[in-house]
C-alpha cells in the first residue's frame with residue numbers, strides 16, 4: 001500500500017499531512033491539513049470545522065469529478081496544494097427535526113382563523129431598494145396565498161412594535177441560504193436594467209456588489225436591528241470626523257456627487273415609467289425624495305435650505321430606513337423591485353414564483369419544473385411546510401383563505417398537517433395543478449375576449465366572479481405569477497461570466513453545456529453543478 005502511494009505521489013509519503021486548498025462557491029478559500037490516504041468522509045469533517053456547511057451537505061469536486069465518501073483522497077490523484085471545490089448539496093431533512101424546532105418555540109401556535117397576525121407581519125421590504133421582501137408584503141405574497149394582504153401601514157406598525165420578528169424571519173432557512181450565497185444575490189441584482197446602468201455609470205457601486213463580505217454584512221445588519229443602528233451611528237460619526245478634517249468637506253462633496261446624487265437621480269430617470277416607482281430599485285430606499293408630484297404641498301418643506309443661496313444645510317439628513325413624512329403614494333403603486341425576486345415573500349427564495357405576471361398571461365410549466373428541480377428550493381419549501389406555526393401565520397394573512405378555513409374545519413386540519421402539505425407541494429401535484437390552472441387561464445382569456453355586443457356576452461362576463469375567485473385561490477399553490485422574469489438582453493456568456501469561470505475551475509470545460517445548465521438554474525452554481533453531474537452519470 002505504501003509502495004503504491006509512493007508510486008502515485010513520489011513527493012508525499014503515506015500518512016504525511018499536507019495542505020489542501022478548499023474553494024467554496026461563494027468565492028472564499030481556505031486550507032485544510034489532512035493526510036492523502038484519509039477518506040473523503042473524514043476530509044469533509046475537517047472542512048465542516050472551517051466552514052458553516054455540514055459534512056452531509058458538502059459536495060466536493062476535483063477535476064470535474066465528485067468525490068465519494070468511501071474513497072481516499074489519493075485515489076483521485078489529489079496532491080499537496082491542490083484545490084478542491086465545495087458546493088452545498090441537498091439533503092432531505094428528517095421529519096423529527098421540524099417537530100423538535102416547533103416544540104422549542106415559546107409561543108403557542110395560533111389558530112388558522114385568528115385575526116392576530118402581528119407575529120408575522122406583512123410590512124414593506126427589508127430591502128426595499130432591491131424588491132426583496134422576506135416578510136411577504138405587497139405583491140410578493142400574491143404568488144403564495146393570492147391577494148388580500150393586510151394594509152401596509154398596519155404591517156409597518158406591527159414591525160415597529162415587534163423588532164424581534166425581523167430577526168426571526170431573517171433566521172429562516174430560506175434567508176440563511178441567501179446569506180450564504182452572495183453570488184445569487186449579485187446575479188439577481190444585476191438582472192435589473194436600471195441597476196446595471198447605474199453600476200456602469202458608477203464603477204464604485206460595482207466594486208461593492210462584487211464584494212461578498214459587504215453583501216453578507218448588509219444582510220446581517222438587516223437581520224440584527226441593534227447592529228443596523230450601530231452601523232448608522234458609526235456612519236454619522238465618521239462623516240462628522242471627515243468633515244472636520246482638512247479637505248474633508250470636499251471629500252464629502254465628491255462622495256455626494258459620485259454616490260448619493262446618482263442614487264437620487266435613479267428615482268427620477270424612469271422616462272417611460274413616469275412617477276411609477278415599481279420599476280425603480282431605489283425609489284423605496286430613498287423614500288421617493290427625488291420624485292415630485294404635481295399639486296404637492298410644499299409648505300411642509302419650509303425649513304429646507306435653498307440650494308441657490310449657498311447656505312449650509314443645518315437640517316439632519318433623511319433616514320433611508322424610516323418612513324417619509326407627508327409622502328403621497330399613488331393608488332396603483334406596487335412594490336419596487338426586481339421581477340425575479342418578486343416571489344421571495346413567504347417562502348423566501350422561490351425565484352419566479354409570485355412574480356407579477358401580465359394580464360391574462362399563461363404560466364409556463366417548464367419554469368415551474370426548473371424551479372422544483374432546484375435542490376435549494378426543495379429544501380426551503382420542505383423547511384417552511386414542515387412548520388405548522390409558520391403556515392398558520394401565513395394562512396391567517398389572507399382573509400379569503402381564512403374565512404374558507406373557518407367554514408371548513410376539515411380543510412383547516414388538512415392545512416395544519418405537514419405530511420399533507422409536503423404531498424400537496426410535490427412536483428407531480430404541482431404540475432397537475434399547473435395544467436388545470438392553464439386551462440382556467442385559457443377559459444378566462446377567451447371569455448374576456450368576447451365581443452360585449454354579442455348575445456349573452458355581458459351575462460357571461462358578469463357571472464365570472466366565481467372563476468376569478470377560484471383563480472385567485474390558485475395563488476396559494478405558489479403559481480400566481482409564473483410569467484418569467486425580466487431577463488436582460490445580454491448574452492448568457494456575459495450574464496454568467498463569473499459562474500462560467502467557477503464551473504471551469506471545478507473541471508467542467510464544456511462551455512455550451514455549462515451555459516445550458518446555468519440557464520436552466522437561473523445562474524445558481526450549486527444547482528448547475530448538480531445538473532452537470534447528473535448528465536455525466538446518464
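Each Cβ is built from the backbone N, Cα and C atoms, and glycine gets one as well.
Within the listed segments 95-120, 121-146, 147-172, Swiss-Prot records region 'Disordered' for the stretch 95-120. Looking at 233-260, 261-288, 289-316, 317-344, the range tied to region 'Disordered' in Swiss-Prot is 289-316. Secondary structure of the domain 'Ubiquitin-like' (18-93) per DSSP (helix as H, G, I; strand as E, B; remaining residues coil): 17 helix, 29 strand, 30 coil.
Per DSSP, the secondary structure of the domain 'UBA' (491-535) breaks down as 35 helix, 0 strand, 10 coil.
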